[in-house]
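**Student:** Starting off with a structure, shown below.
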Amino acid sequence: MIRPLDGHLARKRFGQNFLVDQNIIRKIVSAIAVKPGEPIVEIGPGLGALTAPLIAAAGHLHVVEIDRDLIARLKETYTPEQITIHEGDALKFDFGALAAGSEGKLKVVGNLPYNISTPLLFHLAEFATGVKEMTFMLQREVVDRMVADPDEEAYGRLGVMLQYRFHMAKLFDVPPGAFHPAPKVTSAIVRLVPKAAGELDCDDDALLAKVVTAAFGQRRKTLRNTLKGILDDGGFDALGVDPGKRGETLSLADFVRIANYCAAKA
Ligand code: SAM
């Protein structure tokens with residue numbers, strides 16, 4: 001039986017593992033390095049482990065929280081000058097609207113609920129333009145997938161699609177003992193900085209997603225099989241891509257070349 005923290009019983013369905021290690025909290029807040037007046041939004045403030053020091057540093061914080069009990073506590077603890085509470089699901093939240101009002105300076109941060117981390121990362125990737133940087137805590141295994149290179153076991157759709165939009169770096173690991181309740185896995189902090197326009201442009205983002213999804217859909221199959229109906233033999237020849245290889249051998253630049261070739265042919 002898990003004991004309550006500050007009178008709140010952690011809810012598994014909301015991925016609630018609260019940070020309790022003050023040294024780790026300081027380390028994360030210092031990595032975020034928010035300056036007074038800088039626009040910043042925290043996903044899942046929970047019981048406020050990061051919220052309080054972030055408000056102290058920035059002066060004002062936007063938060064997106066789904067748990068009504070925690071929202072009520074935030075309202076009791078902070079004034080409207082300190083916090084703007086966006087009640088609801090971060091998976092549906094329009095981060096673009098906040099980014100638009102921030103002149104490209106918005107920081108997005110959070111100790112993310114691990115049960116929705118992959119869809120949340122894909123949702124956040126849509127708002128890369130207009131955001132300054134994002135700093136998140138996630139399961140270390142997810143962070144490894146985000147930053148993996150071709151031919152590494154962790155390399156796959158998540159990494160390619162995020163690497164298309166962001167420069168990413170794993171900052172440090174966080175052990176299970178830093179949380180209450182302690183998760184079963186080690187966590188890690190990762191930083192995402194949006195790539196500038198023109199760094200690696202694809203003519204059709206939806207087509208890129210389709211190619212990447214197909215290439216990693218059946219990992220053991222060759223590209224000739226996984227890209228059937230998307231790229232024919234002439235296409236493989238023209239691009240100099242070996243159809244006998246597997247998706248995990250292709251770099252992000254290869255995927256973009258394939259998508260651009262298909263877009264031009266369509
Ligand atoms: N930031 C706190 C900390 O570090 O102690 C809590 C982190 S806890 C891992 C995840 C937080 O995200 C919880 O507060 C949870 O209620 C919230 N959350 C879960 N699912 C969410 C969703 N779909 N949208 C917004 N917040 C969500």
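Any Cβ shown, glycine's included, is placed from N, Cα and C.
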**Student:** For the S-adenosyl-L-methionine site, TrEMBL lists Asn17, Leu19, Gly44, Glu65, Asn111; sort out which one of Asp89, Asp144 goes with them.
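**Tutor:** For the S-adenosyl-L-methionine site that includes Asn17, Leu19, Gly44, Glu65, Asn111, TrEMBL also lists Asp89.
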**Student:** Check Leu19 (S-adenosyl-L-methionine binding site) against DSSP and tell me helix, strand or coil, would you?
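**Tutor:** DSSP assigns Leu19 (S-adenosyl-L-methionine binding site) to strand.
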**Student:** With every protein chain in view, what's the tally of Cβ atoms within 10 Å of the Cβ of Asn17 (S-adenosyl-L-methionine binding site), excluding that atom itself?
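**Tutor:** Taking all protein chains shown, Asn17 (S-adenosyl-L-methionine binding site) has 21 Cβ neighbours within 10 Å.
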**Student:** Across the whole of the domain 'Ribosomal RNA adenine methylase transferase N-terminal' (24-196), what does the mean pLDDT come to? Round it, please.
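**Tutor:** In the predicted model, the domain 'Ribosomal RNA adenine methylase transferase N-terminal' (24-196) has a mean pLDDT of 97.
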